[in-house]
Amino acid sequence: MLPLLPVAHLDREFDYLIPAELDDQAQPGVRVRVRFSGRLVDGYLLERIESSEHPGKLGWLDRVVSAEPVLTPEVRDLVDAVAQRYAGTRTDVLRLAVPPRHAKVESEEWTPRPVPEPPKADREAWSAYTHGINFLEALEAGRGPRAAWQALPGEDWTTRLAELAGVVAATGRGVILVVPDQRDLDRLLAACESVVGADHVVGLAAGLGPAARYRRWLAALRGTARIVVGTRASVFAPTPDIGLVVVWDDGDSSLSEPRSPYPHAREVALLRAHSTGCAVVIAGHARTAEAQALVDSGWAHDLVAARDVVRARAPMITALADSDHALARDPGARAARLPGIAFAAARQALAAGHGVLVQVPRRGYVPSLACAKCRAPARCRRCNGPLALPAAAGPDGAGSPTCKWCGVADTNHRCHACGARALRAVVVGAGRTAEELGRAFAGTAVHTSGGSDVKAEISPGPKLVVSTVGAEPVMPGGYGAALLLDGWALLGRADLRAAEETLRRWMTASALVRPQGDGGQVVVVADSGIPTVQALVRWDPVWHARGQLEERAEVGFPPAVHLAAIDGTVASIGEILELAALPESAEVLGPVPLPPGERLPFSSDEPEPEDVERMLVRVPRADGRALAKALAEARAVRSARRSVGPVRVQVDPLRIG
């Protein structure tokens, strides 16, 4: 049995006796209740054996909660692998992998469904990619190819993935398609239902109610739905005889689990493909350094289009300083937020009856202010929080700067550094941008998407669509132009993945624009000399990912190495490092501050720790398993000691510090 206990040192199997009356129900994989230290706890029956090597007295299985074997052998092995990879406990991983039981749903009648008919995959569309047809044929033959697919701009990626899913499902095997968010899930689910049929597909997401989620999860477990489309936790779906796992847009931070042990859906998919031999596709318009590392190592192969095909499908992309002549004609372009070339592109698209997408880094009105004289960030005198100008300030920008933390207006702000009173906008939000564009293009409809009002799709026509990054709505037929504003705000972040994330955001938006042959244009307000901007202009995410991988190898950051972040108080971190039998190759770096916005997990009945810091432990990739094992064992010893103070251990975190 594996009791589900919240302490690391008890993350192991225990032997129990099975009463005769439970002999038929007590099968491997079922939920059970057992008595542990005098109290009843939930658990899973892992294995039945004839005798126990335990020398002491064994307890009895209290009851079988359900005869449904919800923990399949394949998912059990995956849970073990994820716990080992991320220095976590199986209890934590099982919380992510198996949803809570819903008894009424479990008792509902169900009938097995036949294997779906093979879909008519668009072979012409797949032939645009080098070896695309070979990849399709390998799936049809039941093999397990592994690929990093670079979707072309304007590609109907939902239909392409639905075709792959249908091809594999027609062989009688299961498919899991993982996407970052609900918008992508809805689009991909609709495409799969259209290609394969609604009876063979289920959608899994955390936003579903308990009954609906468990019903769909059981459909995957029982094989009545061979295709699962879902967000990050769906990568654990118990689909029988898994044949294909796809992760779309693996650079999206939504695919990284915020709960212990903090696994990334891409890494879980790779572990699953490694253990089962199923096919795996890491797909997207952009490419992460991690995906490129898979290709460079030979574990996966490229699925990319030839350069002439890319040029034909991509919009015309222009950046600031693309030529000295352009700057001479528009000398203020380098400093302007919306230079003349951007206005010209928007006017041309609107005149042709097409929409214009305007991407801004942040929502709000003026979400960040600074001193107009010395450029020091404007801070609240009461709590030192950042000052912003709310939308209520009005069209003329008049109004009082307000603290984003405590909400108090600062009517008589004075710079803490130089004493000046004047303020300037550091970043202009989507609300203010929409207002400014509405005045610049009088008579043109202006729509916004972002924050709590994210639009999945918007009707075609001559209109302006102002969107925050990641909230860009799809326009059927494509936008006529896209304006990517305030590029420095994305590129200038002090983050290891700033360049990679910026290119991903830009490419996601640019992929919604018509091809150059249909008049599609993209203007990015950023210096064309920056490699990330060059990669966008050339539409070459592979080149950019390879450069990112080389840079990280030089400085010793993932994925070139494995790196663990240990967060906690000085005393707690010291205890973990003292207990951990780290590999000889390990380098201990730090301390460094926690990334902005991150806090330690702590219970509500204890004060939040103050002296919190982060230590980093780096090892070569070959020693990654040894590092995770050492940290897991140290956590277990600390748990057994009942040491005081929260500690968080993350292996290969998205944000380092």
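Placed from the backbone N, Cα and C atoms, the Cβ positions cover glycine too.
Annotation comment: TrEMBL describes C371, C374, C415, C418 as Zn(2+) 1 binding site. Taken from TrEMBL, the feature Zn(2+) 2 binding site covers C380, C383, C403, C406. The annotation domain 'Primosomal protein N' 3' DNA-binding' is assigned in TrEMBL to 5-99.
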- Message: Just to verify a number: CA distance, C403 (Zn(2+) 2 binding site) to C415 (Zn(2+) 1 binding site), in angstrom, no decimals.
- Response: 14
- Around C418 (Zn(2+) 1 binding site), how many other CB atoms lie within 10 A of its CB? 11
- Cα of C371 (Zn(2+) 1 binding site) to Cα of C380 (Zn(2+) 2 binding site): how many Å, rounded? 13
- Helix, strand or coil at C371 (Zn(2+) 1 binding site) [DSSP, three-state]: strand
- Do me a favour and check the Cα-Cα span between C374 (Zn(2+) 1 binding site) and C380 (Zn(2+) 2 binding site); whole Å is fine. 17
- Between C415 (Zn(2+) 1 binding site) and C380 (Zn(2+) 2 binding site), the C-alpha gap once rounded to whole angstrom: 10
- In this structure, which of the binding-site residues C371, C374, C380, C403, C415 has the fewest other Cβ atoms within 10 Å of its Cβ? C374
- Message: Between the Cα atoms of C380 (Zn(2+) 2 binding site) and C418 (Zn(2+) 1 binding site), what distance do you get, rounded to the nearest Å?
- Response: 15
